[in-house]
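In what follows, a single structure is set out as structure tokens and then discussed.
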Amino acid sequence: MTEPIISFKDFSFQYHSQATPTLQNINVDIYPGEKVLVVGASGSGKSTFANCINGLIPFKTKGNITGELYINNQDATVSCLHDRSNVVGTVLQDTDGQFIGLTAAEDMAFLLENNCVEQDDMKKNVSYWAEKVGMIEHLNHRPQDLSGGQKQRVSLGGILIHRTPILILDEPLANLDPATGHETLRLLNNIHEETKSTMIIVEHRLEESLDDTFDRVLLFKDGKIIANTTPSDLLKSSKLKEAGIREPLYCTALKYAEVDVESIDNLANLRDVCMSEHVKFKVKKWIDETSANNDNKYKSEPLLELNEVCVQYSDYSNSVLNNVQLNVYRREMLSIVGHNGAGKSTLAKAICGFLDITGNIQFCNRGFNQLSISERSEFVGYVMQNPNHMISEKMIYDEVALGLRARGMKESDIKIRVENVLKICGLYAFRNWPIAALSYGQKKRVTIASVLVLNPEIIILDEPTAGQDFYHYNEIMSFLIELNRQGKTIIMITHDMHLLSEYSSRTVVLSKGQVVADTTPVLVLNDKKICEIASLRQTSLFEMAEYIGISEPQKLVQLFINHDRKVRRQ
């Protein structure tokens, strides 16, 4: 019988700063060549599990270990980080933290340079893997000239050059647009087939990541593995709900249509599922018997008006925003989508006054252009995509209280507001923690809390749900809905097709700095041309409709949205 390449035996790990173990009594074997998906809610222990494998624990991050861990038949606790790096390669979630070269080529060649590889061989290796990861045309580009997805591919190429038998990817989809995320998963599958390496992908976005190419799924909850099974069997069980992870939308739709999912052989393969005549009959019957009217209406009173707004970063570059015409209406929840580099974040920064613009911005029929950043912040709050670019305090409480203190509010009033927001964002238990101890997703919630506590008229959130598990996703979105009901206008820049379709009444699509669509979310996702231009990817509901043969897929999507909202309100 094949020996496992990774073996945990009664393994537990506890950080020095915490009162209880983050990993508890882990027993699992992973075999050479397996492709394993590791999922779990934020703080469930999945990243700690990965860091125990790659050696960041205990060689960089200290803590108490009990039990045994063997990597490639070696006791993992007595080797060193250098030796471990020859066996395990890791692509981090935060690509900025992993990019160390001045160009893409230099970054990919870093290991080869340190191993004194001949320059000709070095160039051949870099070119070979750059071709494999789709970066051959970008080898001379600086990191600041690359998108998040491109940086990720550079990091992957640098790891593949080392040809480690184990490859770990931590949240590879977190900062990518849907189409790029789909391409990344396809790339990883091709690499797995070619290299036969053991591949471990840590992710919580099941809609995008889970398919039947995974040999197994490890599901974490509260530091324990509560499921170790095939993708299909996991989807049939109740374990995802127990762990606070959202199942793929098509699985929920099948249940709404009263399909017995436990009787389906390969539930992880949507095409196979939809070949069943019974499934086709049940779904079509559900559509015919249920109204799919769209009750989302945005208000007619403009709050913010952008007229021919342009942004150009230098005299020699093309416009990042090009004659943008856009109205934002009072009390609406607006989603802004588009490919990486489309100008979404630039648009938000232009509204906030971070960038020089040409054109005109009006707020409540008043000129906005002449207001300073500080003055605009009274009306508009902005949560950036990367939390590390916003955080300036060491402690969580102090970070959330920072803006209120700058405005001179009494400390007693600050305490009430800060603690209320921390509870809503699921951070109250960590209020006295150092920010350095938080995961990327938890840091994201801290930055959201630091803006929500200021109570601005308009709240702009750049990827508000990136890195969030389903539980905290719902917590944050429920809070934003409540703010919206109280009269706040919410603008969400997102790659999340769930958020787009379920929580926004209107969607603006950007491509190459221009508005290419401004309509309802369902109509955006039903337009294949718009999806292609903006690097969007239709959800599994659209794929289901096409496989089943439904002539108007938007009916199924709108029906699901309406029905799901009713279920969540109950």
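Each Cβ is built from the backbone N, Cα and C atoms, and glycine gets one as well.
Annotated features, as they stand in Swiss-Prot:
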DOMAIN    6-247  domain 'ABC transporter 1'
BINDING   G40, A41, S42, G43, S44, G45, K46, S47  ATP 1 binding site
DOMAIN    304-537  domain 'ABC transporter 2'
BINDING   G338, H339, N340, G341, A342, G343, K344, S345  ATP 2 binding site
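All features noted in Swiss-Prot, drawn onto the structure.
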residue	record	DSSP (3 states)
G40	ATP 1 binding site	strand
G45	ATP 1 binding site	coil
N340	ATP 2 binding site	coil
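Compute the center of the Cβ atoms of G338, H339, N340, G341, A342, G343, K344, S345, which mark the site for ATP 2; besides them, the chain residues with Cβ within 8 Å of that center are D177, T346, L510, S511. All protein chains included, N340 (ATP 2 binding site) registers 18 other Cβ atoms within 10 Å of its own Cβ. For S345 (ATP 2 binding site), the same-chain residues 6+ apart in sequence whose C-beta sits under 8 angstroms from its C-beta are M384, Q385, D462, I493. A simple way to gauge crowding: the CB of S47 (ATP 1 binding site) has 25 other CB atoms within 10 angstroms, across all the protein chains here. Counting only same-chain residues six or more apart in sequence, the Cβ atoms lying under 8 angstroms from the Cβ of K344 (ATP 2 binding site) belong to I336, V337, G338, D462, I493, L510. Cα of A41 (ATP 1 binding site) to Cα of G343 (ATP 2 binding site): a distance of 31 Å.
Of all Cβ atoms in the protein chains displayed, 26 besides its own lie within 10 Å of the Cβ of S44 (ATP 1 binding site). Each of the binding-site residues K46, H339 was ranked by the number of other C-beta atoms within 10 Å, and first place falls to K46.
Each of the binding-site residues G40, G43, G45 was scored by the number of other CB atoms within 10 Å of its CB, and the largest score is that of G40. Highest local Cβ density among the binding-site residues G338, G341, G343 belongs to G338, counted as other Cβ atoms within 10 Å over all protein chains shown.
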